[in-house]
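Comments concern the structure below.
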Amino acid sequence: MTIGNISPNEKRSRRGKQVVDENAPLLPKRKEEEGGFDEFNGASFTGAVFNLSTTVVGAGIMALPATMKVLGLGLGIALIIFMAFLTEASIELLLRFSRAGKSVSYGGLMGDAFGKVGKGALQVCVLVNNIGVLIVYMIIIGDVLSGTSSSGVHHSGVFEGWFGEHWWNGRTFVLLVTTLAIFCPLACFKRIDSLRFTSALSVALAVLFLVITVGISIVKLISGGIQMPRLLPDVTDLTSVFNLFTVVPVLVTAYICHYNDFIWVSKKFYSIHSIDNELEDSKQIKAVVRTSLALCSTVYIMTSFFGFLLFGDNTLDDVLANFDTDLGIPYSSVLNDAVRVSYAAHLMLVFPIVFYPLRLNLDGLLFPSARPLASSNVRFALITTGLIAVIFFGANFIPSIWDAFQFTGATAAVCLGFIFPAAITLRDRHNIATKKDKILGTFMIVLAVFSNIVAIYSDAYALFKKNTSTRE
């Protein structure tokens, strides 16, 4: 994910369309990445929808049932739909201004609007966001394999359920072994196409998780083992009102797909700009975005609905941690383990796919004029080791994925998804913004800043209150 300069003959878009050199893609086409950008041959509508949907759905899906616990099903589902519409609007602004400035990437667009400062700000946000995502992955893996006590009540992990409580299945030790035995070897590949098979398998494991969860919920509904969950939030005082805003960073993170992200499908990185360039008919991009967001919203609503339906007010920040109890159906323990192990395996396989462009982006930020990273073993080893160490310690010191999402969602993700597109619109270097666009841009910035400041305040207040009560 490095912002660099690319010569005109290294760039390709739909059917020979030429683009200017100064707007370089966020992921550069260096020598070691030649397999990453093939010539676009005119993608089908269905293929574009699938590829974009793959970039949207991520680990944030595990925290969505917890948002229903805060908001209630009615308000929660309404907010998921609202976020889908707001995301569509921000993507439309990005693409329209990209065409006006002949930019082929988010990085190029930010550079066109705000120069080197804009590109730098985007790079920093991508770094923070992707490091946060990888920390979330590792926290979830720790919850699944070793259990969690972040809610004040211990929920056992898979290893504890199988072998009992031992020192070797404690959280820190399990994450250390997972990091050394799985993440480090996979992260040491210098070519991303070496990971194409693990990427395909990871998607299948994610689908398996959703199918099993929905199946369990339907069986329990038929047998009458589920009570009707709350439709509205439980608001009793001003603190509970502020607490409603804590779901905003989680939902923002769930819909992030604006920049050249880490999804690797058929030897290509996919993002809004690359999918737009790949379409034979550029007019289809609006329908592609709408269809993809509708599909993703459906997945989010199903996961939120059935997850909250299963566990009600006992839903944890990471819903996978709830699958340590008797579900009240035949083969409950087998299904519990299948759900947790399948998704943990999914995250282990996706981890290096996210890590690869993160490392490239950090290298480009720290060493913009250096030779390609793959040709420098020392630099490659130092950056890889440093990033993995930061992610490992972050996963051990951050108590839950909710806290991780609060930080990344309220800072980097909200900038990438809404504040930057709105700022580009208000900057309007090419004089194409309508009055409606500027009103929408202002609304996005005000809403994003206000809601996320309240969310950060609410989380900080809750943490302070928790620490005070612990001391007493």
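From the backbone N, Cα and C atoms, a Cβ is placed for every residue, glycine too.
The following features are taken from TrEMBL:
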- 1-25: region 'Disordered' (REGION)
- 40-64: transmembrane segment (TRANSMEM)
- 43-458: domain 'Amino acid transporter transmembrane' (DOMAIN)
- 70-95: transmembrane segment (TRANSMEM)
- 120-141: transmembrane segment (TRANSMEM)
- 172-189: transmembrane segment (TRANSMEM)
- 201-222: transmembrane segment (TRANSMEM)
- 242-266: transmembrane segment (TRANSMEM)
- 287-311: transmembrane segment (TRANSMEM)
- 341-358: transmembrane segment (TRANSMEM)
- 378-398: transmembrane segment (TRANSMEM)
- 404-426: transmembrane segment (TRANSMEM)
- 438-457: transmembrane segment (TRANSMEM)
Taking contact to mean 3 or more CB pairs closer than 8 A (sequence separation of 6 or more), are the transmembrane segment (120-141) and the transmembrane segment (438-457) in contact?
no
Interface-richest range of 70-95, 172-189, 341-358 toward the transmembrane segment (404-426), CB pairs under 8 Å:
70-95
Top stretch by Cβ pairs under 8 Å to the transmembrane segment (70-95) (candidates 172-189, 287-311, 341-358, 378-398, 438-457) is 287-311
Where else in the chain does the transmembrane segment (378-398) make close Cβ contacts, counting only residues six or more beyond its ends and a cut-off under 8 Å?
131, 134-135, 138-139, 142, 171-172, 175-176, 179, 183-184, 187-188, 190, 355, 358-359, 362-363, 366-367, 370, 404
